[in-house]
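*Asks:* This is the structure I want to talk about, given as structure tokens.
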Amino acid sequence: MGFWMLLIYLVITFSILFILLCISPHGSGPIAATSRVFFVHIPNWSYSLTIKLLGVEGTARFKYYAMYIFTEPNPFFQMVYLALSIGGYTIYYIYGFPYIPNPYVQEFHIYIGSFLYFIALLTFISASIVSPCIIDKQNLKYHLELFPYDNILYKPSDCSACKIQKPARSKHCSICKFCIGKQDHHCIWINQCVGYSNYKYFLAFILSHSLICFYAGQVGIMILIYIIQNDKLLSVVFIDKLGNEVKGSWIVIFQYMLQRLPSFVFVIILCLIMGLTLGGFFVYHLFMAGQNVTSNERIKMMKLEDNGKNRVNVYNLGFWKNINEVLDAVEF
Ligand SMILES: [Zn+2]
Ligand SMILES: [Zn+2]
């Protein structure tokens, strides 16, 4: 039962990730149509629902704040991250740590888990504060020489906002309001772009969070198993709301644990979901970095392919050299 649930969950998660990250909503066929559900239909349905719930004026105000959160530099999602992250650790500290050590989880897991969490926090801070690579008049020459124009995705042109020549692989970010070197995407969680200089910190950020979420999820499950074994919940008879006697099956025990330790069980499930999602996201970014393609270029290439055109990636130096380029990037 558990294995099949996990398999179904894995298939659904990676299918959604694949559709969101790799399939253009502009194409034809059933997968592009599914992509349109996420990028076109769900936003349209959400808009109609908001009009019904908040009215026209309320929707306009809601839209204004939503636009501000998503289109202006602001720390909203960094605060959300910190609340989730510190809150999650605190819940482990209060509800999980008192059950350690036990026959399934030795004491050192408290220290390794806390250390990994600290590392994950550091990667979040690094990815948030290391500049993505803002191009200005002082470093423009360096960036113009860094990558050649491929004359397909990048041709010599000026940025009308920054009033400078746009180096190949750079993109003007409408949120950061600067041209960013080797721009990958604007990340709301770190409140800035992911670009040439901070890409390695971004990779460390998603990798460390995938690992700590998996680790915490596994430790959490082992703690729950210990409680189930220690309290002999599998042989206990439960009384439901109607007063009927119910034998301790896994479903019944799960419902019981959800009532006994709701926040702890919720955080364990969240950790497992985030561990898988971020792990998939890391593998996707490693694959892209290995090919020396940015997320921005990936989108542009999909549009080219939709129009039946192909492009040779002149920036691809081979897997290890590409990875080395990411790790060796100078900070600006
Ligand atoms: Zn610009
Ligand atoms: Zn940006």
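Along the chain as shown, the residues are counted starting at 1.
The backbone N, Cα and C atoms fix where each Cβ goes, and this holds for glycine too.
Feature list, courtesy of TrEMBL:
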| type | residues | note |
| --- | --- | --- |
| DOMAIN | 158-300 | domain 'Palmitoyltransferase DHHC' |
| TRANSMEM | 6-23 | transmembrane segment |
| TRANSMEM | 76-95 | transmembrane segment |
| TRANSMEM | 115-135 | transmembrane segment |
| TRANSMEM | 201-228 | transmembrane segment |
| TRANSMEM | 264-287 | transmembrane segment |
*Asks:* Take the transmembrane segment (76-95) and find every residue of the same chain, 6 or more past its ends, with a Cβ under 8 Å from one of its Cβ atoms.
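*Replies:* Same-chain contacts beyond the flanks: 69, 113-114, 117, 120-121, 124, 128, 188-191, 216, 220, 261, 263-264, 267, 270-271.
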*Asks:* For the domain 'Palmitoyltransferase DHHC' (158-300), what is the mean per-residue pLDDT, to the nearest integer?
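*Replies:* Per the prediction, mean pLDDT sits at 93 for the domain 'Palmitoyltransferase DHHC' (158-300).
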